[in-house]
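Listed in Swiss-Prot for this protein:
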type	residues	note
SIGNAL	1-19	signal peptide
REGION	44-286	region 'Glycosyl hydrolase-1 1'
CARBOHYD	49	N-linked glycosylation site
CARBOHYD	321	N-linked glycosylation site
REGION	360-853	region 'Glycosyl hydrolase-1 2'
CARBOHYD	821	N-linked glycosylation site
CARBOHYD	887	N-linked glycosylation site
REGION	900-1364	region 'Glycosyl hydrolase-1 3'
CARBOHYD	932	N-linked glycosylation site
CARBOHYD	987	N-linked glycosylation site
ACT_SITE	1063	active site, proton donor
CARBOHYD	1172	N-linked glycosylation site
COMPBIAS	1224-1236	compositional bias 'Acidic residues'
ACT_SITE	1271	active site, nucleophile
CARBOHYD	1506	N-linked glycosylation site
ACT_SITE	1536	active site, proton donor
CARBOHYD	1654	N-linked glycosylation site
CARBOHYD	1670	N-linked glycosylation site
ACT_SITE	1747	active site, nucleophile
CARBOHYD	1759	N-linked glycosylation site
CARBOHYD	1813	N-linked glycosylation site
TRANSMEM	1883-1901	transmembrane segment
């Protein structure tokens, strides 16, 4: 046969070569190809010895995907051996240039086609490349007007990318198909003209720019269309002008009467003569008896070559056959007969076509088990996406947060339909833990995260034009965080959780839901599509249709398999199609995303393969499960024929229809067909399928489908009854999907695969799941590599455990275990998480990890520096630090500073080898001194623990890398175990296993983009070296140098930051001085100095080794980590204490730093003290060794950077200790203590201010050297995950470091938290926890779980510090015109005259005269004596320029016994005179009727617990309205009823001091207070309002509450309860509905019943009372001072108090500035938030802030900067609430006008804008600076913008001197100077003016800079401003 074809080609060549000038192709062209999916399938999975059909027409073209099928080279070689010269390759424009233009090519596609072309060239086949066959890019840019230009751009791209491999180019292979693809409004002729122009441009570009490549260009034409094309000049270019040869698509019917010469006659009309190539040859009806291939070809040649038309070659596919008997043998040949290729015989052969399912099943049916289960060691294609998934209702929780509406799954949970009556209300709490979830993803190294959007979180009712802002914000934060972590978001629009509101309308059985879904999707595309590029419309719609509406097992629980199930699917498909088309039309052009659908399917194997009916049932099963949705979308727009036929048959067999399958209209079919950019596939398990045993007419999924489902008992079982482990099923399913649906045109995204474990199983060691993932993922790899299936992703289910529908929380799918019993819902990685990470890192299954290239020096390390040889001083020059900082006020010291660190700041965490590694004797490691010590009984370790296992980091490397990535750290500081590398301590015993561990750790860090910082020695000396004397043996210096040299040589190519010793100060003292650490040498006077001497020399030796041998090639830095506590002098003004503090610094930090960073020698302070004390001890020489001059020179400058470990501070004073016995500690001659006000920790008190001072001291002492804080952290004894104290520690300490950097110019380069995780903390064992991650030491796997501090630290890293949040930025502006400015007081607190003029006793009179009730036994008998000082008070008010004055009336001064039996006219007259004086001063009165001071006579009959008081209060109010109402237009009934009820009758802190009925009395009192208010309001409203025209309301008080942990839903709920119990207790009945809020009613009722009561302790209002109470307000009076951090606290049920009912405990943030009151922290942000809460909760009522202020304690504090800060900040937040949030705020009142009697604290807490000098009998009111500041705000009505120039309101009038007795001039500390108050006042004015000028200048400069560049970089180190933080 080969001889036959050789003769034929020889003859053909003689025809073709006559006159040929195509020298490069002088041989006859015989062309095969292109590749099709069917061809690849037949070659790969031969069935018997059958030959493959190579006709290309009608086949699905192969879309290039990597890797190329492995058998292609053999196939190509076989073609070349069969005389084939060329092979057709069809490029995909849409694949190469998805956007249509060359600006963003698909690199993977380019590489793939190049590999294909190179494979052809390697087989000596010439590629014949077609630029476009079908499928234009999906881009709006492909408009008619620019099509030709875009095609030319594409052609240019192809010529450039592939031209070196291609000699023959064809622009179009099917003009008709291309015409149909162009925009339809154009006529066919104009579209053909467009194609002609596109071809012409491509032709010209090739010959102008790429002619040197020597190729030819043409276009494929239908032979019958030649004449038509030649007639039109506009298209003739296609046939003769713009082609190098004519390429024809030729069909020939052998039986046709028309001869070839007639058919090709038009070829002769083309001038000049062109060469002809038959690109496609189709033979029809050519029986073998008629013609041989040779005769047929000769007749073609004769017809074409007539009149010198030259034939170049033919398409020989018609004559080509290949056979393949096994995968290893492919044979292609040209047949000598046409019989094999005749249509007639082909039709006969295929009379019973084999279905896709049957073909796929037959591919694998006879596969031996060993071959089936063989593990493939290979990698996935480049660009393959790895990820994990979740669903909204599975993990989010927050079911009612942010206005979210309920979904069908919420309803399902509330009906207690899930196992264990579980609900998804909290689930995994991802709504609040999105940042933690993204951290988990980083830990996994996930590249894509598939999550779903909760429809009802966006649109609570399913519809509407107003989406929930909170819901949108949640997804924005999640998406932005994913992208910031380089994780691709894949957003699912619908994951089974239909809004319940839509379900109430019929759900997916109501056609209108389609419109609602499209609207919802359209919003999501608009809101998130600029960042989300992968969209899933529906996730597993089969599950919802089958289980939600078929079996009823899922929400919404409808059981109607015959009708509802099919209705739902029908509407889902229509919703999907419309959504896809909406995206395609409206969003794709701009967003360039992809929209698909995720379908789930099991694989189906016939139960009895020998039974055809089982085979048919298996295929039917797939069509019912997968084809139900896939066939309409990916095939023809309609349901599978098999499915339709089966349902029809079943309905015909039954007396009534069993199922109703809706029909699509033709329009709907067109809409559905092709409506997906990818097919997402979920797969979990496989089934054995048989034909249903009998035809049942009872509708069910199986009976309708006619099949029965089974499993093989041999298949491993999981905890889920429906999932068996059948890995090979996924490969078969992927092959089926590829051939049946995607056909190489649409990529497959594997979007769901996983298995659960049960609650009773090992929740962390999920070995079965590890095997599951390993095997299933490997089968996916086989599908890609061996079956050429185009799979683009693997997405595991699930990221973490969640709510699993009917199974509740019993089925755990998570790679991360979630502890649902903990309120914080902590996540802990399972073994399967580490497996998946390993696969991701290797991109598959490699036996060895890929060697990573060396990373760039990402840490931006400083260059080598040299120390200065400055002489020492005693005390050192660093004493300026104490001078600068020690006299700061607490407010100045602790005020929080906002800013960021340098851009290359190195954020990291630390650990050390012995503390975490474990494996103490594994793999040849030698023992260390700590191994020996901990194994010795009585060693002093607290819990008798050892580091034998510790965190097991030696065996848990994957776990450590996981948490490091999750933290987002840039660097990891760890130490090497000397005895793990050199077991005996010397280089004669190198342990390769230990070296390998550190290599893997370092490589893993670098692969995770984490910079390694390596410590050579962290206290764990090899025991073998200790046995020869340890560091007291001089040879240790050489041995340490040898060890370091080996480390530099082995790891230095990747490690660029080395630390020789960690904390040598502590090591030398604890190990050789106190003897508490090994080697336990107790020699306090001598050994520490000797050891330190050796360590310093050892360090210097190693430094020089690195400097001389490695620095030039490795380019790293080297130093040592020194430790120090800040020393604060007890009396900063006492020189001896300052010297003692400096001495402590020199004896600890300077001991090592001074020789290394300064002079090469010890500090003079040390030499002096130790030398003198040695002499006094009668020693011949100093106990402190000395260095030779040579050693000093060698030591000096042996560190490139300064590494500092610091944890705490000490207060130091001079002390003269005993001389003997000698001791390093006594040599320092000082005493240490800690301030008891500093927060406690497990080891030392926290004193964050010391951080800034210590950094400044280093700068002053050692110069501007780069500093790295290599350890800082806090130990806690409580192992809980909610380590809020650790957050406070880091927050305050790092803020002080930030101040040092930004304000003081300290050259700070990095910060490392101690520690990454809990570990062995030396003598404390495992009792103290320093870790950001909790380690469970009781669990053999030592799982690591993130604490909330880990999330906080990640946030710091993300923000690179503590930038000022945009919402906290100061705003300029003015309040609305008419805004009320006021100040307030209360009668009892200021009036005095407690028994004057007939005043009756009040409860506070009684209370203050009772011992132990008031601080300092203060009484208010005189107070401020305002009863006698009306004029002084009015002057004070005028100082403030206020428009209003809020004061209260003393009930017992008007009605001495509380009743109207007697009205005290003298008392009433006081208020008349006061009001008249106010009005005369143009100040309007705001009168509070009741401010805590109940007449004692009423208290004697029960007070507010007696319901008669309601009437008494109404009568009292009536007197006030009658007598004062003509002058008072602003009334407040009650002030802070919460305080009256809670503190007066609950805690007993306030009068009347009742505390023994805390669970009932406060509620009774509150009940009566509300009714009394309502009665007073109605009285005024009904009787007086018309004539007096005033307003009346109540003043409510409330703190704002923030959740302690904002990521914990329990804490969020607790914060809400806190506010509802405080502010809502009284506001809700009055401002909302006349009744208590539901939170209170529910809480109190449930706790009352739990305590055994029959009813709630909270009284109930009758319906008439509710109506009377509701709406009894004209405004919302509001008092606010501070904010708390709230968290859930479960009190015992027997405890009946308001606090217990509330179920909340509260703390405060340590960084919040304090005040004179323990309960009041300055939190201005909370003011704005609670004003917004009032707006939202009570429909934006008019609000008057009736109290707001801050206290101090101590002296007069005239220059009260603290109060100015408070007022400025709080009032500015109020301005934001008005301007930005549209809160209806009408007025602001500062508390208080003047210092007064502050209830149970007496006169200790001072809130006044005026100082009242109680030591002066005249009680003068002296204005503080805050009074003047407040007056300026009042006059300016806010904060005028300085950028607009000086405002007239800032021009202050002359001060009015108040009437007062002479006061002595007091001294004021101002900016470190002692000034008189007058001078300080003048200085403050000057400073204030300068500040205003500075602010104006700064504003102008900021505007100019912002205008010039929006992207201005942060200040460099040289640009930092040393301004104060205040």
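Including glycine, each Cβ sits where the backbone N, Cα and C put it.
Features recorded in Swiss-Prot, as mapped to the structure shown.
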residue : record                      : contacts (Cβ under 8 Å, 6+ apart)
932     : N-linked glycosylation site : 1023, 1026, 1078
987     : N-linked glycosylation site : 1042, 1043, 1046
1063    : active site, proton donor   : 1019, 1121, 1122, 1123, 1205
1271    : active site, nucleophile    : 910, 1121, 1123, 1205, 1206, 1207, 1312, 1314
1506    : N-linked glycosylation site : 1498, 1568
1670    : N-linked glycosylation site : 1629, 1630, 1632, 1633, 1634
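Note: the Cα of residue 1759 (N-linked glycosylation site) and the Cα of residue 1813 (N-linked glycosylation site) are spaced 15 Å from each other.
Among the recorded positions listed (1536, 1747, 1813), 1813 has its Cα nearest to the Cα of residue 1172 (N-linked glycosylation site). Cα separation, residue 1654 (N-linked glycosylation site) to residue 321 (N-linked glycosylation site), rounded: 91 Å.
Classification of residue 887 (N-linked glycosylation site) by DSSP places it in coil, neither helical nor stranded. Remote same-chain residues near the compositional bias 'Acidic residues' (1224-1236) are listed as 1069, 1073, 1084-1085, 1088-1089, 1130, 1140-1141, 1143-1144, 1147, 1166, 1169-1170, 1173, 1183, 1208-1218, 1244-1245, 1247 (criterion: CB distance under 8 Å, separation of at least six residues from the stretch ends).
Here the candidates are the recorded positions 821, 1536, 1747, 1813. The one whose C-alpha lies nearest to that of residue 887 (N-linked glycosylation site) is 1813. A straight line from the CA of residue 1747 (active site, nucleophile) to the CA of residue 1536 (active site, proton donor) spans 10 Å. Within the set of recorded positions 321, 1536, 1813, the entry lying nearest in space to residue 821 (N-linked glycosylation site) is 1536 (CA atoms). Separation of the C-alpha atoms of residue 1536 (active site, proton donor) and residue 321 (N-linked glycosylation site): 96 Å, rounded to the nearest whole number.
Between the C-alpha atoms of residue 321 (N-linked glycosylation site) and residue 1813 (N-linked glycosylation site), the distance comes to 112 Å. Here the glycosylation sites are 321, 821, 1172, 1813; the one with the fewest Cβ atoms within 10 Å of its Cβ is 821. Summary: among the glycosylation sites (887, 1654), the fewest other C-beta atoms within 10 A of the C-beta are counted at 1654. The DSSP breakdown of the compositional bias 'Acidic residues' (1224-1236), given as helix, strand and coil counts, is 4 helix, 4 strand, 5 coil. Reduced to three states, the DSSP call for residue 1271 (active site, nucleophile) is strand. The average pLDDT computed for the region 'Glycosyl hydrolase-1 1' (44-286) is 80.
Around the Cβ of residue 1759 (N-linked glycosylation site), a 10 Å sphere holds 20 further Cβ atoms from the protein chains shown. In the three-state DSSP scheme, residue 1747 (active site, nucleophile) is classed as strand. According to its DSSP assignment, residue 321 (N-linked glycosylation site) is in a strand.
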